[in-house]
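Participant: One structure is given below, represented as structure tokens, and several questions about it will come after.
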Ligand SMILES: O=C(O)C1=C[C@@H](OP(=O)(O)O)[C@@H](O)[C@H](O)C1
Ligand SMILES: C=C(OP(=O)(O)O)C(=O)O
């Protein structure tokens with residue numbers, strides 16, 4: 001277990017440069033683990049992310065009777081697929097604060113039936129799951145809330161699935177649809193399963209990741225745009241043999257933004273133009289802000305071309321990387337507006353409120369709306385102690401406030417409780433230190 005201090009003081013950095021090998025994608029890692037567990041055959045997973053979120057998924061699968069082995073000290077795992085089921089029918093599962101674990105597991109376990117409890121850290125019990133539970137109970141699954149209605153903890157029992165047409169709302173999180181899609185083959189033995197999306201769907205690129213990985217595990221989903229998804233009768237997961245986890249595109253955003261703010265070039269390795277992760281489109285925002293971006297098959301590089309330009313854009317498609325834009329906006333030549341980011345309110349913390357509070361500590365003027373944030377940078381950043389709210393992305397994106405942008409000098413930034421980065425990137429601050437120039 002890595003040791004962290006209670007706080008980290010980041011000294012002003014004049015220039016950043018270098019290359020960073022990214023840890024594996026959280027979204028791909030946790031989906032791949034579950035699909036490998038449900039598949040027929042063994043799957044060799046290469047370069048799985050090592051983090052709190054993947055740890056809870058690995059531990060849950062182990063408790064559910066799925067056998068897996070880590071290859072030595074590497075991040076390569078062999079998962080022995082249980083062939084369309086999870087062998088243990090009664091378990092108490094700790095889900096930490098991993099949305100990518102609790103949502104898909106809830107759907108899979110509810111469809112299989114058994115006696116399961118799923119719970120997590122205090123914040124997990126404040127993150128909504130009602131739309132997913134309603135969709136599953138609506139076809140005859142049996143999920144009860146043991147605390148507040150609409151939120152974990154959950155108690156899952158054996159229901160009676162009477163219908164194979166599900167309806168789900170997608171305006172709070174796309175993970176509910178992802179969860180239903182991944183669980184659908186488990187109830188499609190004789191009849192096709194159709195999932196209908198009611199109303200607006202947010203964070204759409206994450207659904208593309210789900211469909212892509214399901215296809216690699218042998219299940220082809222038939223879609224009607226974004227409104228209905230059908231898993232044909234007889235679909236079942238089969239191991240692709242080996243699967244390599246791309247580097248995490250959301251984690252890439254911090255380094256690319258650093259390159260765009262403070263010289264560069266900074267190159268991230270492990271993700272590139274062929275990525276299946278929507279967060280690679282963060283580079284569009286950086287380009288719009290004036291950064292110089294180049295992409296290869298498996299790398300992306302950013303360098304600054306002078307002061308960053310303010311941006312006004314819709315960030316619904318990249319909610320995680322958009323936090324990085326909010327902090328990069330401190331170095332822009334005017335007021336930036338991030339629109340359509342209402343989902344920030346129900347993630348690791350209320351990210352709109354947290355972001356506004358912490359940006360103000362640095363001297364920015366911030367206007368906060370129900371689903372938007374408007375950031376006007378100060379003449380010069382003020383030294384500040386940044387609270388991180390047990391939110392890995394708060395810790396990671398505020399490290400950027402220590403940089404020396406072309407028009408605003410960097411400042412000393414204290415990051416309180418830096419250990420929260422372990423959710424997706426335990427070595428983040430070492431990697432960040434690695435691109436800080438010594439001059
Ligand atoms: O499916 C996924 O892997 C994710 C979907 C997104 O959540 P929402 O769909 O709740 O916005 C994202 O914020 C999260 O970090 C990962
Ligand atoms: C929202 C996030 O996580 P989760 O997968 O728990 O929803 C995130 O990583 O920014």
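Here the Cβ of each residue, glycine as well, is placed from N, Cα and C on the backbone.
Feature table excerpt (TrEMBL):
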- 11-431: domain 'Enolpyruvate transferase' (DOMAIN)
- 26, 99, 127, 175, 351, 393, 423: phosphoenolpyruvate binding site (BINDING)
- 26, 27, 31, 173, 174, 175, 203, 320, 347: 3-phosphoshikimate binding site (BINDING)
- 320: active site, proton acceptor (ACT_SITE)
Participant: Just going by other Cβ atoms within 10 Å, which of the binding-site residues 347, 351, 423 has the emptiest spot?
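Facilitator: The binding-site residues 347, 351, 423 were compared, and 347 has the fewest Cβ atoms within 10 Å.
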Participant: For the binding-site residues listed here (26, 31, 393), which one has the lowest count of neighbouring CB atoms within 10 Å of its own CB?
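Facilitator: Selected from the binding-site residues 26, 31, 393 on minimum Cβ neighbours within 10 Å: 31.
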Participant: Secondary structure at residue 320 (active site, proton acceptor) (DSSP, helix/strand/coil)?
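Facilitator: Assignment for residue 320 (active site, proton acceptor) reads helix.
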Participant: How would DSSP class residue 347 (3-phosphoshikimate binding site) in three states?
Facilitator: coil
Participant: If I take the alpha carbons of residue 423 (phosphoenolpyruvate binding site) and residue 347 (3-phosphoshikimate binding site), what is the distance between them in whole Å?
Facilitator: 13
Participant: Are any of the binding-site residues 174, 351, 393 near ligand 1, with a Cβ under 6 Å from it, and if so which?
Facilitator: 174
Participant: Expressed to the nearest Å, what is the distance separating residue 393 (phosphoenolpyruvate binding site) and residue 347 (3-phosphoshikimate binding site) at their Cα atoms?
Facilitator: 10
Participant: Work out how many Å separate residue 99 (phosphoenolpyruvate binding site) and residue 31 (3-phosphoshikimate binding site) at their Cα atoms, rounded off.
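Facilitator: Rounded to the nearest whole number, the Cα-Cα distance is 11 Å.
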